[in-house]
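As written in TrEMBL, here are the features:
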ACT_SITE  Asp517  active site, proton acceptor
BINDING   385-393, Lys413, 459-465, Arg521  ATP binding site
BINDING   Asn522, Asp535  Mg(2+) binding site
REGION    242-264  region 'Disordered'
REGION    314-339  region 'Disordered'
SITE      Tyr357  site 'Interaction with SHC1'
SITE      Tyr658  site 'Interaction with PLCG1'
TRANSMEM  272-295  transmembrane segment
Amino acid sequence: MDNPFKCSCEIMWIKKFQEAKFYTETQDLYCIDDNNKRTALLDMKVPNCDLPSANLSNYNITVVEGKSITLYCDTTGRPPPNVSWVLTNLVSNHESDTSKNPASLTIKNVSSMDSGLWISCVAENIVGEDQASAELTVFFAPNITFIESPTPDHHWCIPFTVKGNPKPTLQWFYEGAILNESEYICTKIHVINQSEYHGCLQLDNPTHLNNGAYTLLAKNEYGEDEKRVDAHFMSVPGDEYETTPNDLGDTTNNSNQITSTDVSNKENEDSITVYVVVGIAALVCTGLVIMLIILKFGRHSKFGMKGPSSVISNDDDSASPLHHISNGSNTPSSSEGGPDAVIIGMTKIPVIENPQYFGITNSQLKPDTFVQHIKRHNIVLKRELGEGAFGKVFLAECYNLCPEQDKILVAVKTLKDASDNARKDFHREAELLTNLQHEHIVKFYGVCVEGDPLIMVFEYMKHGDLNKFLRAHGPDAVLMAEGNRPAELTQSQMLHIAQQIAAGMVYLASQHFVHRDLATRNCLVGENLLVKIGDFGMSRDVYSTDYYRVGGHTMLPIRWMPPESIMYRKFTTESDVWSLGVVLWEIFTYGKQPWYQLSNNEVIECITQGRVLQRPRTCPKEVYDLMLGCWQREPHMRLNIKEIHSLLQNLAKASPVYLDILG
Ligand code: AMP
């Protein structure tokens, strides 16, 4: 067939294209040469017309920080190619000369920040282009860029970040002496970003014997860095009234003003004063103990209020926030056994060191906790609602539960073939759930423990979990549905949902309860758009892609976690606030998975590097600002849960026309 090409170097790229078999058309291409002769393009010969090639003098670019390095790029090609360097994100000073062949690039005073960058030399001429690339590796001495005193959590953790290349060796010193790591005190690296290592010195159930100065020494062949922090885990047994940094609020601190020695030394004082002091002390102790139960069982719950910890209570991966830590003694705790690190930090009661403490005295500790027992013959199963990590969930009718109704619909959660430990957990969790009562926390009615399976009875929430509900009321579902179409959620309905979850979270925070796994999959929807924070641990199977498996069986909801939870496994009320921001995002995207376009590893990288989720299309600016307030990198900079609740309440009340939809 005719074509208008003139045989020349200008169309050589087409020939190369054909030769490279990118060209899929069947027709042959021709060109007209200088003698007006038709030549097949594949046979075209043009002098001084070749593809360029680029070659680097060195493909293994390693350099020590502060030094300089020169790279050469040798190029061929006719006509001679233009050469350029691609140095995306390079921060070190550099000079290049592309006027000569080979072209040169000198990087001066190389910064460790440039380690891992790719450097490319591009040669381009009329025929095409070639590129040669190499990764820059910068060796540098370790730098401990972050270290902090430990805060109470499931595991105590002294969080740190160390940079260094090659990977520094880490050695801890306790009170100046080498600390020999063991099962109970060990370094965990949770995240590695290039040459940056984020982790914890993780301590299982430390006692007053572990209080003191901890020094981290990071070393590699280029140097070393050392940083020290002071850690106070608990007070010396017997010093119940001594002040510690971990005391619970004002009440405790007030009581601290009067030591036990003070009392004994004041024999001459009015005896009424002594009684008052003893009374306050007793009250404070009782308060602490109640708090202790709530915190302890909250995080070990398999059925109710808690997050990933439920799933992994028997996991042997000690990196997990869900892992049960050892007791104060040298015996590791069983899943139900030992007190939680949080509890140790919250109280100075020496019985904490007794591994049997929780085993014997729960009911005595909180005599007013009355877990309702429901007879099995009063529960009639109707149909399965779903299945979680621990057992099936059924819709059931429950007879004789409330005086005003003969029977009511309930959701029952079953735990089959429970071991002795699981049974103990079950009873404690029941106590916890009995104590957590709020209009936006799913109502717990009681247990049925006659035989197998063990059963927990909850109020039935007609529309199931919030994530499914959002998806069912999003634009996709509305489009797909035939006949009886579900209505798409309006913005004020979304705000109404968000506001209710925030109200539940205000309550949990007031109970010093850290949820750790707040997500729409863990909220339930009832009639009239009533939303409650519901069960948690059991959603794992259905939503397994929402969790990230770290070794063993440990699953972490990384897409809902802030940087400090990912890097140091630190879970606090502030990390719950971050998750609440993600829940808002889920609501305004009709239940999309956060960072759905990224793999788990990419999500970890994004979050730890400070990226946040984008504003959903239908989200008013005011609400996105609120999300951003939840996603401040520094936990103390995040909005307070009460502020969030009142902001959402106000927005929900305001007429939607005042909301700036377009931003
Ligand atoms: P879970 O294992 O708790 O995630 O529950 C499995 C399924 O049961 C989920 O899809 C929930 O929608 C449903 N479910 C759990 N608890 C309740 C409840 N209290 N009322 C109604 N449905 C529930």
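Cβ from N, Cα, C; glycine included.
Predicted automatically and left uncurated, TrEMBL annotations should be read as such.
Note that the structure is predicted; figures quoted are calculated from it, not measured.
Location within the structure of each feature annotated in TrEMBL.
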residue	record	DSSP (3 states)
Leu385	ATP binding site	strand
Gly391	ATP binding site	coil
Lys413	ATP binding site	strand
Met461	ATP binding site	coil
Asp517	active site, proton acceptor	coil
Asn522	Mg(2+) binding site	helix
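Counting other Cβ atoms within 10 Å of each Cβ, the binding-site residues Leu385, Met461 show the lowest value at Leu385. Reported as a whole number, the C-alpha separation between Gly391 (ATP binding site) and Asn522 (Mg(2+) binding site) equals 16 Å. Ligand 1 lies within reach of Leu385, Met461, Gly464 from the binding-site residues Leu385, Met461, Gly464, Asn522, judged by a C-beta closer than 6 angstroms to any of its atoms.
Summary: among the recorded positions (Gly391, Lys413, Gly464, Asp517), the fewest other C-beta atoms within 10 A of the C-beta are counted at Gly464. The number of other Cβ atoms within 10 Å of the Cβ belonging to Asn522 (Mg(2+) binding site), over all protein chains shown, comes to 28. A straight line from the CA of Asn522 (Mg(2+) binding site) to the CA of Met461 (ATP binding site) spans 12 Å.
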